[in-house]
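Asker: I am attaching a structure below and will ask some questions about it afterwards.
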2 protein chains.
Amino acid sequence: MLYVVGHKNPDTDSICSAIVLAHFLDAYPARQGNLNPETEFVLRKFGVMEPELITSAEGKEIVLVDHSEKSQSLDDLEKGKLVGVIDHHKIGTTTSEPILYYAKPVGSTATVIAELYFKNAMDLIGGKNKELTPDLAGLLLSAIISDTVLFKSPTTTDLDKEMAKKLAEIANIEDIDAFGMEILKAKSVVGKMKPEEIITMDYKDFEFNGKKVGIGQVEVIDVSEVEDKKEEIYKLLEEKLKNEGYDLILFLITDIMKEGSEALVVGNKEVFEKAFNVKVEGNSVFLEGVMSRKKQVVPPLEKAYNE
Amino acid sequence: MLYVVGHKNPDTDSICSAIVLAHFLDAYPARQGNLNPETEFVLRKFGVMEPELITSAEGKEIVLVDHSEKSQSLDDLEKGKLVGVIDHHKIGTTTSEPILYYAKPVGSTATVIAELYFKNAMDLIGGKNKELTPDLAGLLLSAIISDTVLFKSPTTTDLDKEMAKKLAEIANIEDIDAFGMEILKAKSVVGKMKPEEIITMDYKDFEFNGKKVGIGQVEVIDVSEVEDKKEEIYKLLEEKLKNEGYDLILFLITDIMKEGSEALVVGNKEVFEKAFNVKVEGNSVFLEGVMSRKKQVVPPLEKAYNE
């Protein structure tokens, strides 16, 4: 029983990459949590079923997509058999045995999968060189758009744009930009969400030098959507910090149009200020140009913890 | 300046994979130490120059082949820029930024590189789809033979055999078995070597649960070659253990014909006995069927340390 599964608090890349890779590996796609509104919109748009919810690796062979960190993975991963990782993040784990590991520094895991498909090279990772149907091409395209914030994120590479174009042809999507704005708007439904839902929508745990750090992110087209909820979000983060043993929690409100993020900082402000060379006045600070947790937030923070 | 470099105490796979991958990446091949007699034989046979010796990563972009563990890599790796890893071992490191990482559980790194070549997929890892000349094909073939002990090691996969056949055609080698015995004999020159040379020929450091562990290996066709040197090897290992802060040193004398290894055990014998469920009488014990450090020695040992 081979399962393909993305990270906790799944985003569109984790869900869509799991579905499409499972197709090529003759495996079961799975998810570790509820779909966010953007992903729901994407699956409905292309008429694809949501993957099975799994909470245990026991008795399963597992391929991880879109993550490798233990803290973002199934809690009992060691009870299953990890056979592979397909990812676009930093290398987040070591293993005790050789496995398949394929990661590239590109904008999304969907990009990595699309490239293998177009290179006819699915067999390199143990898959079959089958057809990519229009609905599955649409999922990969959506995942690229979501993870690169319609190619605006600094994580975006030429390969992401090239794959998006080729996928759009198969998916019969003529105007990538218009389609992309639809997706980003679906993501930007925070106006209707409760503060506790906003926090968990895209939230990841890390361990830096033995300290527990949480980093959440929400991307908005219009900052006013969250303006009146910030105070309550901050209170909830303070409670979370206390109750769950965090050293630091960051919550990034990323303004897609302004191309930067307001960071709410709870806990160890010193290490945050050192990492970003800023001064936090009150509860938050605006980080100009910062849109990517993976590329612009995690590396300086990890470095600051290790100094 | 992009360099491709294998592990410390380089073996034939580390040297040949670095040379061939550097060809496809338009990079410089490098090595971290002296060639062993087998690798010297292989390079002479195919008329290929030895790679440049490097001891520092400073100012260099680095692609690692055939390893990822920090303990086997350049001491100041963090002073350079690690851009990629191509390997066939367990995932041995985490990173703080996304990089290219491609590892497969097959018999050699050369197998991974050969497959990318025959799939015309060198561009997946940032290389060019150039020609593989007969001399370079000969190097990859030699590396596969060396790492799989002529396909006898339990790490051997069908892909190793398939790649070896295809490489032999390009390299104009008609009888792989006869050629393989030539290589293994060149490896088996321990009869002429000093004990201190035998120890360092293929020696790797590991860290298990915070403890420093060294595992050396020598492969012989005829055990009598080392019989009269075992006592002195043991004494040298005891000194090494004391002087360099090891918790345990294993030295495997692998008998290619008997398909097993005599393990000299210095230091923490309890953890060794637990790992292999054996009793060490005197200084050593014969491990039936054990030929692969990577697949049969490291995993149970790491497990025993973590229990």
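Heads up, residue numbers simply count up from 1 along the chain you see.
The backbone N, Cα and C atoms fix where each Cβ goes, glycine too.
Where the annotation comes from TrEMBL, it is an automatic prediction and has not been curated.
The shown structure was predicted, so the numbers you read here are calculated from the model rather than taken from an experiment.
What TrEMBL lists as Mn(2+) 1 binding site is A:HIS7, A:ASP11, A:ASP66. Under the heading Mn(2+) 2 binding site, TrEMBL lists A:ASP13, A:ASP66, A:HIS88, A:ASP147. Per TrEMBL, the feature domain 'DHHA2' maps to A:180-305.
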Asker: Three-state secondary structure of A:ASP66 (Mn(2+) 1 binding site) from DSSP?
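Answerer: For A:ASP66 (Mn(2+) 1 binding site) - judged by DSSP and reduced to three states - the answer is coil.
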Asker: Below 8 Å Cβ to Cβ and six or more residues apart, same chain only. Which residues does that give for A:HIS88 (Mn(2+) 2 binding site)?
Answerer: A:ASP66, A:ALA103, A:LYS104, A:PRO105, A:VAL106, A:GLY107, A:SER108, A:THR109, A:THR111, A:VAL112, A:ASP147
Asker: Output, ordered by sequence, the same-chain residues six or more apart from A:ASP11 (Mn(2+) 1 binding site) with a CB under 8 Å from its CB, or 'none'.
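Answerer: Result: A:ASN36, A:GLU38, A:THR39, A:ASP66, A:SER146, A:ASP147, A:ASP202.
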Asker: Quick one: pull the CA-CA distance for A:HIS7 (Mn(2+) 1 binding site) versus A:ASP13 (Mn(2+) 2 binding site), whole Å only.
Answerer: 10
Asker: If H, G and I count as helix, E and B as strand, and all else as coil, what does DSSP give for A:ASP13 (Mn(2+) 2 binding site)?
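Answerer: Reduced to three states, the DSSP call for A:ASP13 (Mn(2+) 2 binding site) is helix.
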Asker: Within the domain 'DHHA2' (A:180-305), how many residues are helix, strand or coil going by DSSP?
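Answerer: Per DSSP, the residues of the domain 'DHHA2' (A:180-305) fall into 57 helix, 38 strand, 31 coil.
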Asker: Other than A:ASP13, A:ASP66, A:HIS88, A:ASP147, which residues of the same chain sit close to Mn(2+) 2? List them in sequence order, counting a residue when its Cβ is within 8 Å of the Cβ centroid of the site.
Answerer: A:ASP11, A:SER14, A:SER17, A:VAL65, A:ASP87, A:HIS89, A:GLY107, A:SER108, A:THR109, A:ALA110, A:THR111, A:ALA143
Asker: Over all shown protein chains, what is the count of other CB atoms within 10 A of the CB belonging to A:ASP147 (Mn(2+) 2 binding site)?
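Answerer: There are 27 such Cβ atoms around A:ASP147 (Mn(2+) 2 binding site).
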Asker: For the binding-site residues A:HIS7, A:ASP11, A:ASP13, A:ASP66, A:HIS88, which residues show a Cβ-Cβ distance under 8 Å to chain B?
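Answerer: From A:HIS7, A:ASP11, A:ASP13, A:ASP66, A:HIS88, the ones near chain B are A:HIS88.
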Asker: Might you list, by sequence position, any residue in that chain lying six or more from A:ASP13 (Mn(2+) 2 binding site) with a Cβ less than 8 Å away from its Cβ?
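Answerer: Spatial neighbours, sequence-distant, of A:ASP13 (Mn(2+) 2 binding site): A:GLY6, A:ASP66, A:SER108, A:THR109, A:ALA110, A:ALA143, A:ILE144, A:SER146, A:ASP147.
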Asker: Give, as a single whole number between 0 and 100, the mean pLDDT over the domain 'DHHA2' (A:180-305).
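Answerer: That stretch averages a pLDDT of 91.
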Asker: When you measure from the Cβ of A:ASP66 (Mn(2+) 1 binding site), how many other Cβ atoms are you left with inside 10 Å?
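Answerer: For A:ASP66 (Mn(2+) 1 binding site), the count of other Cβ atoms within 10 Å is 29.
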